[in-house]
Amino acid sequence: MLSIHDPLLIFTDLDGTLLNSHTFEWQPAAPWLTRLHESGVPVILCSSKTAAEMLQLQTTLNLQGLPLIAENGAVIQLDVHWEDHPNYPRLIAGISHNEIRLVLHKLREKEQFKFTTFDDVDDQVISEWTGLNRAQSALTRLHEASVSLIWRDSDERMAQFVARLNDLGLQFVHGARFWHVLDASAGKDQAANWLIEAYRQQWRARPLTLGLGDGPNDAPLLDVMDYAVVVKGLNREGVHLRNDDPQRVYRSQNEGPDGWREGMDYFFSRS
């Protein structure tokens, strides 16, 4: 159904998809990453992580120079060859990290919502939360257009909190382990569509798209893909897509990078 020689873009989530959620291992996906790189197929990382974290991961995965989608779509790192773009090197959706911090501070002071943001703690605490080393934990704090937090209040209070955020033009997104507050105009799907259009103009043909993700917050991204791999994950809610046609969507039996490889094998062995 898909060919490595098609005009093709691969969009992939990180934690629980390309990376093992616990060990951060990615090696099972290495043969496919090498093959895609050698064929000139862009692999676009898409995550709640900061751009600083993801740029480091790009180097590890030999994907440096390609675009990436950070902070759940609030930040797009542009391709290194797009220097002439007016927003190079990064496109930011909506208000900044510091503006969101101020909103959250006021909400917490006024309405006593209980949560702990990454800005409230030091690198050591984040290291304990994430399992990352201190240097990597420091990169997780470099948000540009969102705030990550741990929710410590009731479900009822969360509903009130979400309503307040929505009134202020913000959204509350549940990631693999943390919650994220970002501008309502941002999203993995909007960021992916922006990049698809950028490549369409560059290639003078609309690229085929394949997305891979494991969590409910990946559904908007997978919904705008031509083909999708739902990698088996830990989230009990599962991933519900608008179009779950088995011709378009494959659900893996394996988790993490093993499931990532399984999904790639499935779509590229059917042609």
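Just so it is clear, glycine is given a Cβ too, placed from its N, Cα and C backbone atoms.
Just so it is clear, the model here is predicted, and its values are computed rather than measured.
Under the heading active site, nucleophile, Swiss-Prot lists Asp13, citing sequence analysis as support. Mapped onto three states, the DSSP output places Asp13 (active site, nucleophile) in coil.
Residues or ranges marked as Mg(2+) binding site by Swiss-Prot: Asp13, Asp15, Asp214.
Sequence-distant contacts of Asp15 (Mg(2+) binding site), defined as residues of its own chain at least six apart whose C-beta falls under 8 angstroms from its C-beta, comprise Ser21, Phe24, Ser47, Lys49, Gly175, Ala176, Arg177. Here Asp214 (Mg(2+) binding site) is positioned 8 angstrom away from Asp13 (active site, nucleophile), judged by their C-alpha atoms.
Within the same chain, residues at least 6 positions away in sequence whose Cβ sits under 8 Å from that of Asp214 (Mg(2+) binding site) are Asp13, Gly16, Thr17, Ala176, Val230, Val231, Lys232, Gly233, Leu234, Asn235, Val239, Glu255, Gly256, Gly259.
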